[in-house]
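Beneath this line is the structure, given in structure tokens, with notes to follow.
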Amino acid sequence: MAKAKFERTKPHVNIGTIGHVDHGKTTLTAAITKVLHDQYPDLNESRAFDQIDNAPEERQRGITINISHVEYQTEKRHYAHVDAPGHADYIKNMITGAAQMDGAILVVAATDGPMPQTREHVLLARQVGVPYILVALNKADMVDDEELIELVEMEVRELLAAQDFDEDAPVVKVSALKALEGDEKWVKSVQELMAAVDESIPDPVRETDKPFLMPVEDVFTITGRGTVVTGRVERGVINVNEEVEIVGIRPTVTKTTVTGVEMFRKLLDQGQAGDNVGLLVRGIKREDVERGQVVVKPGTTTPHTEFEGSVYILSKDEGGRHTPFFNNYRPQFYFRTTDVTGVVTLPEGTEMVMPGDNTDIAVKLIQPVAMDEGLRFAIREGGRTVGAGRVTKIIK
């Protein structure tokens with residue numbers, strides 16, 4: 001059966017739910033799909049909680065990661081929504097997942113207020129460049145005391161302001177559970193939330209005019225069709241039958257041709273910046289490509305092993321290191337979708353770097369990574385984020 005073609009009429013926006021575990025991120029995601037399905041039945045499918053909660057597992061370096069993608073539409077926009085699980089072990093996914101957001105819904109339980117993971121997710125959203133955060137104050141049906149809710153709202157606004165997010169962002173009181181149960185008052189609250197999402201998350205500035213680049217997130221084989229490489233197009237446009245290069249991690253550059261582009265299992269003539277797509281690549285075996293590489297327009301991006309970066313090292317309170325590090329520190333540098341070990345050289349006159357410090361460092365990676373100036377990275381130790389930074393200068 002031929003696949004349905006995907007019509008590109010409305011603005012396409014990538015969003016996600018972030019926040020503390022058990023504050024109701026997944027329940028809210030389910031409630032949004034149900035409420036929008038009931039509001040615009042011809043535009044939306046409803047997704048049950050357990051469909052979203054049983055997110056497909058991705059195993060990444062020994063950690064099982066779950067991430068769920070759903071799509072839905074309001075009158076104004078088409079949304080792709082990632083539900084990022086809340087455990088500290090899954091910060092990795094926050095980094096891969098949150099990097100895919102044009103805006104985020106921060107879910108905070110009105111019964112609890114901001115918790116450690118709430119702060120961690122907001123900090124991470126800042127690090128990975130999420131442009132906008134608005135707030136769903138969930139479980140609002142369980143708090144009768146108006147003053148208590150106002151207090152929680154104030155705390156959340158302070159938290160956003162502390163990371164340079166919009167302090168005046170919408171804070172919408174919702175009850176995801178009651179909305180799922182069809183309680184009219186709370187169904188309306190979710191409609192209000194989505195109206196706020198439509199209004200407050202800016203139309204993404206799509207980077208369609210830049211040369212094509214897509215970080216590889218996954219690679220698999222489709223019997224009879226060949227190898228498919230999936231990821232979110234970071235910039236530019238890819239058309240069927242265009243030549244590309246696969247760059248980074250390995251010593252040689254692989255050249256190939258894209259013979260098909262698909263999104264949400266629908267065929268497209270092209271994929272463009274911001275789209276989560278699968279690219280069918282000609283003459284490439286599954287083992288020829290791996291996560292951490294990038295697919296690019298030929299000749300536009302080169303892999304590098306040495307760079308200078310400006311970094312922030314998390315304080316102990318933010319879940320970072322408890323002790324300073326010195327010259328020749330060897331953490332992992334997390335670029336786009338993968339970790340690469342690197343050796344750090346501190347600036348002259350700097351003996352050590354304390355948790356909570358900002359500093360400039362020079363780094364020598366053990367594998368090449370496709371990079372440009374301005375590229376963001378996380379610094380990690382055994383899967384735990386201990387710092388964040390951006391490339392300021394490429395050396396080699």
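Quick reminder: no glycine exception, Cβ is built from N, Cα and C everywhere.
Annotated features in Swiss-Prot:
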BINDING   19-26, 83-87, 138-141  GTP binding site
BINDING   T26  Mg(2+) binding site
REGION    19-26  region 'G1'
REGION    83-86  region 'G3'
REGION    138-141  region 'G4'
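For T26 (Mg(2+) binding site), the Cβ neighbour count at a 10 Å cut-off comes to 22, with all displayed protein chains included. Geometry remark: T26 (Mg(2+) binding site) versus G19 (GTP binding site), CA distance 10 Å. According to its DSSP assignment, K25 (GTP binding site) is helical. In sequence order, A110, I149, K173, V174, S175, S189 are the residues of the chain that are 6 or more apart from A140 (GTP binding site) and have a CB within less than 8 Å of its CB.
Summarised as a single figure, the pLDDT of the region 'G3' (83-86) averages 62.
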